[in-house]
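For reference, Swiss-Prot has these:
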type	residues	note
BINDING	Gly35, Leu36, Ser37, Gly38, Ser39, Gly40, Lys41, Ser42	ATP binding site
ACT_SITE	Ser109	active site, phosphoserine intermediate
Amino acid sequence: MALHDENVVWHSHPVTVQQREQHHGHRGVVLWFTGLSGSGKSTVAGALEEALHKLGVSTYLLDGDNVRHGLCSDLGFSDADRKENIRRVGEVANLMVEAGLVVLTAFISPHRAERQMVRERVGEGRFIEVFVDTPLAICEARDPKGLYKKARAGELRNFTGIDSVYEAPESAEINLNGEQLVTNLVQQLLDLLRQNDIIRS
């Protein structure tokens, strides 16, 4: 569909974002986890979702591998496909924020421009960039999926950190040391959410 198609009209919802947030008892927001493969993005995001669920917070976790089984199953790993992957995820995340959810996304999302694109789509105050800062050597030593080994052997092309660039955030809302205990990282994130009045419990 062309963006300029005049036959496609936006319909406003009778229930507002603010009403949905009041119903949930917290604000809608995206926590955008970014970092190298093996940095701990999915692990920390999953642990945070579990902690938030126990607090009664309405959440949803969008994982990089999972969306490629459905929503983005037609995309590869070229720069163009990666950009489209992030665009689609950003649109879904934005819809979930408008539903009043705390959305956690775990994607390498290697380019600053794509992360900024999602930030602008979601809106300031509703986008929290979480940089899981783990050295490449540590990520490669972990190699939970065996992808670094394949990349080093030339069996996997365009792999971020090896033969494809990762642009680290320059001004993320929070930088997490990926070598710390997951429980410590989750606590840092809960503190941030409370400080920003996103959750109250």
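Even glycines carry a Cβ here, placed using N, Cα and C.
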List the Cα distance (Å, whole number) between Gly38 (ATP binding site) and Ser109 (active site, phosphoserine intermediate).
13
Roughly how many Å lie between the Cα atoms of Lys41 (ATP binding site) and Ser109 (active site, phosphoserine intermediate), rounded to a whole value?
11
Quick one: pull the CA-CA distance for Ser37 (ATP binding site) versus Ser109 (active site, phosphoserine intermediate), whole Å only.
10
According to DSSP, which kind of secondary structure is Gly38 (ATP binding site) found in, if we only use helix, strand and coil?
coil
Take the Cβ of Leu36 (ATP binding site) and count every other Cβ within 10 Å, whichever protein chain it belongs to.
26
10 Å Cα neighbourhood of Ser109 (active site, phosphoserine intermediate): matching binding-site residues from Gly35, Leu36, Gly40, Ser42:
Gly35, Leu36
To see if you understand the setup: which same-chain residues, six or more apart in sequence, place their Cβ under 8 Å from that of Ser42 (ATP binding site)?
Phe33, Asp63, Gly64, Asp65, Ala106
Taking the Cβ of Ser39 (ATP binding site) as the reference point, list residues of the same chain whose Cβ is under 8 angstroms away and which are at least six residues distant in sequence.
Val132, Asp133, Thr134, Cys139, Gly178
Non-local Cβ contacts of Gly35 (ATP binding site) (under 8 Å, 6 or more apart, same chain)?
Lys41, Ile108, Phe131, Val132, Asp133, Thr134, Gly178
Cβ-centroid neighbourhood (8 Å) of the ATP site, Gly35, Leu36, Ser37, Gly38, Ser39, Gly40, Lys41, Ser42 excluded:
Ala106, Ile108, Val132, Thr134, Cys139, Gly178
Neighbour tally for Gly40 (ATP binding site), based on other Cβ positions within 10 Å of its Cβ:
26
Using a 10 Å cut-off on Cβ-Cβ distances across all protein chains shown, tell me which of the recorded positions (Ser37, Ser109) has the largest neighbour count.
Ser109
Test of understanding: give the count of other CB atoms lying within 10 angstroms of the CB of Gly38 (ATP binding site).
24
